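First up is the structure itself, then whatever we jot down about it.
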Amino acid sequence: MTDTKELVKTLADKYGRTRESLIPILQGVVQEERYISSEAMSEIARELDMSAAKVYGTATFYSFLDTQPRGKYVIRVCRTISCSMKGKNLIIQEIEDLLKIKVGETTSNRKFTLLETNCLGWCHKGPAMLINDEAYTELTPEKVREIISEYIKK
Amino acid sequence: MSNNFLRRVDLIFDKDCDFKQVLQSAYQKSNDEIINELLESGLKGRGGAGFPTALKWKFTAEQPDPEKYVVCNADEGEPGTFKDREILFQVPMKVFGGMAICAKAIGAKEGYIYLRGEYRFLLKELESQLEVFHALLDEMKIPFRIKIIMGSGAYICGEESALFESMEGDRGEPRNKPPYPTVSGFRKKPTVINNVETLVYSFMIFRYGARKFKELGTADSRGSKVFSVSGDTPKPGIYELELGMTVEQFVEEFGDGDTKAVQVGGASGFCVPRKKFKDTIIGFEGVPTGGSMMLFNSSRSMFNVLHNYLEFFEEESCGQCTPCRVGCQQLKLGIEAVKKGEKHANYLEQLQKLAQTMKITAKCGLGQSVANSFFSIVENFKEEMIY
Ligand code: SF4
Ligand code: FES
């Protein structure tokens, strides 16, 4: 059995095999493998006895259910109005320079992916970003440099 | 607070609350008494739409189906809104408590909290608080359980029927209405879905009694409300204030002296320009709001603000119905074309017609409410759209 197959099975054992378990399973796959591959989708379809198209339809609807390969750390910078007013462009610029990638790209060592996202719920402390589940607020280019260099060391 | 009209209240964030006792006394009441107490308070849903909370509970309670649910909508995603995060962080027990009282009133055994994916960092703490809560319920012999379900980053799932779809494992696409959730909600069963703040206030009404709550606010907008303040303000943050103030009073307190517009109710809300500050009441008799207040000063381009909102809607539209899916894109392209001079300024009127069409024909609140910010910004800041 491949790892993905095993992972899907473990997740299905944990969450169940009904339609309601689909999203928790997809979330679990993202947590482990950083994205949902087509292999994972067909595996889930098989385990849950539903069409692969259904799995695909649900997976592609949600922005956190990545269906493209992502890095170990996914950085999502808020681009909505309050953060935009407080200088999110500078933050993105800084990260792009640091990691030598553009928004939407992943570093060649698969460690970081940089994305833009909609309001994160920290508008009073913008600019804000998430790195995986962790929120960082009131960002400045200096602060971002410090945070990212910590992650580089990880 | 310096401003006399702005009464700062502290109903929900105060930590010393005998939690068990409130729950106990609520549970001693009959279901009708609970609903009547809530009705008496005048509480309206705090998500923005403002439906009387007691009626939601009542309609659900009246359904003959024995299987019913309480769902807490913790999927706030309106740009400028962040109050539910703070409530869940500071006083989660009161949210659970509100759910338990609702469960009693309608006869539900299970409750769900749908937490937005962006707030996953809250999950661990919420789950441990939930353990404490469940232990208390066991001790009180209350057969009710709450489960947390994680969202995956989709604004539309804040729409109640889309939220149910998502809980059931589907794309978060809004359902046709009616039937309403009170009749057919989660798993097509009668469901009360309230947002975080509404549930907290429900709980607090059973602590202080309907009368105290009713003393606050105005005839149309009872009680107090949590506001999230952001944008050009020296005091960004979360404030619990009495309802019924005017935008002018609000700006006096939170503005930076140069406020030219306030967006009340987030991207789907209304933009109030300076000349209307005085006459605009924040509440159901003026501009309703889920609590998001964004201030803009003279240095801001309202074109950029509107453009940012439209980008947001374009991306978050679930795509199910054409007026919204295509409309959002066309509105954005349209204002870009006017700005670049590719289209004559009159074209804005065409776009307004399109927005009006969306308001009438879009299937759910997302597509219907795009017109709110579109009209209020285009009408009040026309020059900024053109030059
Ligand atoms: S109005 Fe927009 S979000 Fe709502 S159902 Fe239609 S496409 Fe989906
Ligand atoms: S606008 Fe960036 S967190 Fe809300």
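Think of each number as a place in line: the chain as shown, counted from 1.
Even glycines carry a Cβ here, placed using N, Cα and C.
Just so you know, TrEMBL annotations are computer predictions that nobody has curated.
Owing to the predicted nature of the structure, the values given are computational and were not obtained by experimental measurement.
Sequence annotations record features per position, and here TrEMBL assigns [2Fe-2S] cluster binding site to A:C78, A:C83, A:C119, A:C123. Following the DSSP three-state reduction, the secondary structure of A:C78 ([2Fe-2S] cluster binding site) is strand.
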Would you identify the secondary structure of A:C119 ([2Fe-2S] cluster binding site) according to DSSP, in three states?
coil
Scan A:C78, A:C83, A:C119, A:C123 for binding-site residues whose C-beta lands under 6 Å from an atom of ligand 1 and note them, or write none.
none
Tell me which residues of the chain lie with their Cβ under 8 angstroms from that of A:C119 ([2Fe-2S] cluster binding site), as long as they are six or more apart in sequence?
A:C78, A:T80, A:S82, A:C83
Note: in the chain of A:C123 ([2Fe-2S] cluster binding site), residues six or more apart in sequence with C-beta under 8 angstroms of its C-beta are A:T80, A:I81, A:S82, A:C83
